[in-house]
């Protein structure tokens, strides 16, 4: 093997496309296969020896896409500790231990440990789930070693290996082809090209030839769609074309801010200081989590930092109110007040809610690779989707055929079985395609399209035709090497998708290739003599068959319409036997006119032709194909299309109902893409109501879009809903354009060419079955069933979690406000020594936050989605969960709870007590502290109940707790069914009630740890306060409902969920609808 003079230059980072692991004199595609074999020291007859292969494996490494880090527990632990919320708790713990408050410090330490342990196991479990999904794209390879053909794991393939591949195999590495036989590969994963590529082993190309045009090379991870081949491996692992993309994706962006320099390259000292300062600030921001993650994660981290400063301010206020006395009990009061502002349970509840959501998603065929992306789905405003295999089935289907002298045949499928020739209806009319008013499925609205003719059985159509249909079907079946057969478990097909579709069409009429070539007695009607495979230069393929009944030889040809009619000299103008007539320019134009009609429907159109060969000629595969492909008789056109998945249109509609725009980014022809987009609902049915300027922006080709500058893209009235002939760079530009418009986008894809955009998108969604490992690694979410409709389930789950996170964060923060207000107002309660007596002890506060409220918060995280969750617009990213309504609710609920708790404390101390605040009651129990300890227990019981009841009230933030189902007939008992529906929340609240009594009444625990004592008649205060709590919250909810109904009525008279789908999605662009500006502020609920 050629050695590199500099080992560093042979690294994957400096690897040149088309080169070997250790560079050759020129890229492999620019050398003959003999030269490649010579430089690689490969034996093209016997292959490498076992010893040589083992040595190369040791020297050059395994055939894998880099070192897989796998699940790293240490990184997960660090991530759980290194966040703002945990760091705040660590500081509180340190202060508690520092002043000798070991009980309080120990409780906070347990809270931290619980957060880290639960978070670690949930994150670890999620990572292991995804780790088990990853699989090698080519698990085994057939290689020749020591003159023997053996099967080895693809990871053990080395440069110089002689590899044999056949139809259906996955290429294990980049190979330079040595010999081919009708060899075609599907390179859609790498290049995005949906049609198979025919390879030629003897061709040589320039050094700078692009990967898609290197026809003498077969690429790793591509699949063989036809024929067989032999080749020598020249690149493995990250040195392959697919590996180069993987390496580019794994490069880390520099985290060091660049120094701003003058045009001459110089920079002043202040510029270096600026760069260093910004780099340090970035590092601190990443550590605290305030500058990384999804919008919600950033906001929660910023909230933790903000609350930390509020806690410090509260502590200073406490110290100030006590004249900065440094006694232990004063500092304990300050710590208690600080802790009251820390939402300690937030991190663990957030993690558990995310993990539960992840498990729920698995049951809906969606694998979430990390917990961070799940809540982001709730904010998705745009989905950029590939077409082939995502919105469509990735399987060609014949939809129409035109036979001159006979008429037009149309096939309408009635099932999702494209290989089953018994499914679907056939309609026939004597009209030509351009005489028929074709309408897409979305335009028919359930009406029969009588222009296409009446539904007729295949048997009847054959009976009604004398010759023309039979001649057409013979060409369709025999100019074709695909196989369609029925097994016990259904219909199966092998071969090129285009040929499979044509073979299925012929099989509808009983003209299956196998049936024509074989019979029960042995030989069938036709015998295969020679094949002239499809050639990209002539864009035709032909076969020669012998009729076993007449011993006559026929040539059957199919190919691109323009190329086929160019070698046709005759056509049939009627169904009679002798109906052939000379081809004219006028009729050729007629053919092209019909082709354009089919193409306008998004169909790929091929022409079929045939002729009887001279009886005195000898025809073999060595015959000049020009002698065969001449003087043909034109037989007709056939139109094929890649059908959408049956669930794609409903899924797109549900996305639109949810206020999510769907963009199709595909490599297909513009007309094909447009037709599919209209059929699945990405484009409006009423395109004629869209202005020319808007319509031009809605559908663009990649060349048109890429020709625009970023400023011109930003000035477009609407970003394209369809981009055809799309390249990977175009997809990335589209995502960047969406980001500049403030959108939060998800990108779906399966191929390697989708990977850069998957990584750039806010949520990357890869395919689990057809997707490459590179695409999965670049994604956040993987669809286990490769179904676009599963994205709807993912978005719904994301929104549910988004809602639930908002509920439990509101629950936690409202309690924090209540506790902080109680303690700050409690500064006014001073004992004989002039020191403040806290109404709530530090351990009581942590107990309520973590134990009493922790499980109900989790229960709120498990709440099912509200019925209209997919009929409202996405939550704006700028606000996230922290909407104006959220903040107002937080303050109202917090102050109301605080007022009731303070009222209970005051009543017990001053109204029904002696008003005595005792001595040193913040530190320990004494007889003089009995009133304070009982009042503290009363306040603690009130706050515990309010925390539990508030969780039930927040199940629905607007509807009454007693009428969460407005349509229910159970006017007085519906609330019981609602609380029982979420059993986790029900038992969490019951558990909160039960655990209240031990901590109030068990000796030592109550007076030593919680700083309160048992109560008796004080429960009357608690019951009355609970009734007032419900009354206040219900009154506030009623006021909100009235306000939002009136606000919506003033704006448009309707809410988002009541609008027509086209009005929501395309209302700004269709005539007859007013601007959506007035709709932006609408809410999705009543």
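FYI, residue positions are counted from 1 along the chain as it appears here.
Placement of Cβ uses the backbone N, Cα and C atoms for every residue, glycine included.
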From 28-51, 52-75, 76-99, the residue range that TrEMBL assigns the feature transmembrane segment: 76-99
Selection from 808-829, 845-866, 886-913, 933-955, 1017-1036, the stretch that has most Cβ pairs under 8 A to the transmembrane segment (984-1005): 845-866
CB contact flag for the transmembrane segment (845-866) and the transmembrane segment (1017-1036), at least three pairs under 8 A: no
Tertiary contacts of the transmembrane segment (1017-1036), as residues 6+ beyond its ends and Cβ separation under 8 Å: 889, 892-893, 896-897, 900-901, 903-904, 907-908, 934, 937-938, 941-942, 945-946, 949-950, 953, 960-962
